[in-house]
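Asker: Would you mind keeping the following structure in view while I ask a few things?
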Amino acid sequence: MEERIERIKKQLHAASYKLTPQREATVRVLLEREDDHLSAEDVYLLVKEKAPEIGLATVYRTLELLTELKIVDKINFGDGVSRFDLRQEGVAHFHHHLVCIECGAVDEIKEDLLGDVEQIVERDWNFKIKDHRLTFHGICHRCHDVDEKENEAE
Ligand SMILES: [Zn+2]
Ligand SMILES: [Zn+2]
Ligand SMILES: [Zn+2]
């Protein structure tokens, strides 16, 4: 955790920003909840537990800054809420998501899997791809298991 904060601090410095205590509190929440996909309000409520004086606008600005510097990614799973997701370190490519339409769980796929698709798009559309977003909507293995158990009981 401390090492990652140190590296994020350097990324901010490289872009002439400081890791102020407010920004650090926000970064810590994102690191602690790395597997979650928090909205700005979620982040704000968690940061507030540690730094009660912080305002929502400050958290918003910090999240926008981190997005601009590509430390986090802003994603939307189609529910109209922007969520903030830490990028994996040293990976230009942004991971993929599986969103469960029953329980709302969000799982991540870290492997890319799309190399062939990108090649086709680059060739046929003469488009230089930098990255992509991929979200699958469906029913997760946990909800699947519940369905199966219910069927067995019937
Ligand atoms: Zn994610
Ligand atoms: Zn589910
Ligand atoms: Zn990918």
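Heads up, residue numbers simply count up from 1 along the chain you see.
Positions of Cβ are set from backbone N, Cα and C atoms, glycine also.
Below are the features listed in TrEMBL for this protein:
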- Cys100, Cys103, Cys140, Cys143: Zn(2+) binding site (BINDING)
- His132: Fe cation binding site (BINDING)
Asker: In the structure shown, which of the binding-site residues Cys140, Cys143 has the fewest other Cβ atoms within 10 Å?
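Answerer: Each of the binding-site residues Cys140, Cys143 was scored by Cβ atoms within 10 Å; lowest is Cys143.
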Asker: DSSP secondary structure for Cys143 (Zn(2+) binding site), reduced to helix/strand/coil, please.
Answerer: helix
Asker: For the Zn(2+) site given as Cys100, Cys103, Cys140, Cys143, which other residues of the same chain have their Cβ within 8 Å of the site's Cβ centre?
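Answerer: Leaving out the recorded residues gives Ile101, Glu102, Gly104, Ala105, Ile139, His141, Arg142, His144.
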Asker: Do me a favour and check the Cα-Cα span between Cys100 (Zn(2+) binding site) and His132 (Fe cation binding site); whole Å is fine.
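Answerer: The Cα atom of Cys100 (Zn(2+) binding site) is 20 Å away from the Cα atom of His132 (Fe cation binding site).
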Asker: Three states by DSSP: which one describes Cys100 (Zn(2+) binding site)?
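Answerer: In the DSSP reduction, Cys100 (Zn(2+) binding site) maps to strand.
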Asker: For Cys143 (Zn(2+) binding site) and His132 (Fe cation binding site), determine the Cα separation and express it in whole Å.
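Answerer: Computed Cα spacing between Cys143 (Zn(2+) binding site) and His132 (Fe cation binding site) is 28 Å.
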Asker: Which Cβ among the binding-site residues (Cys100, Cys103) has the fewest C-beta neighbours inside 10 Å?
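Answerer: So among Cys100, Cys103, the binding-site residues given, the one with the fewest Cβ atoms within 10 Å is Cys103.
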Asker: What's the CA-CA gap between His132 (Fe cation binding site) and Cys140 (Zn(2+) binding site) in angstrom, rounded?
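Answerer: A Cα-Cα distance of 22 Å.
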